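Written below as structure tokens is the structure these notes are about.
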Amino acid sequence: MAKTAMAYKEKMKELSMLSLICSCFYPEPRNINIYTYDDMEVKQINKRASGQAFELILKPPSPISEAPRTLASPKKKDLSLEEIQKKLEAAEGRRKSQEAQVLKQLAEKREHEREVLQKALEENNNFSKMAEEKLILKMEQIKENREANLAAIIERLQEKERHAAEVRRNKELQVELSG
């Protein structure tokens, strides 16, 4: 059973889907390396993992076949001056219409570029304002912290000065009392 399944898998790898379907209808084996059409023959030269190569053989034309037909171009009718003038006016109208369309597209493109530039400028201005506001706020906070630190230092110095004055007074009192 396993051998049959392996053989079936190998056959499936070798056959194309079209060959597989055809083998259901035509059980006799066919040469899958040669395909013939009305006026050409295709031979498979080699089959590799990287791709396939084919040889295309064109059959010579048979003497029975009809002579090649040449398509006759429609006869040009003589154009009157009015028809020529109408065609020229229509062409001029098309040219002007195309020019107007190109100008409209350019105007739309410039408008879009202007809008994008305006938006970028607004965003830049907003960013600058926000950065400036943050900087001012930070500077104010630093100033307040500095003033608070200075006030604390001054308070400590005054406290030390008061303590030193009290120590001196106590020493003087001690000297007076003992002396």
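Backbone N, Cα and C atoms are what each Cβ position is placed from, and that goes for glycine too.
What you see is a predicted model, and the numbers here were worked out from it, not measured in a lab.
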- Item | Among Ser19, Ser23, Ser50, residue that the record in Swiss-Prot marks as phosphoserine | Ser50
- For the modified residues Ser50, Ser80, work out the Cβ neighbour count at 10 Å and name the residue with the minimum. Ser50
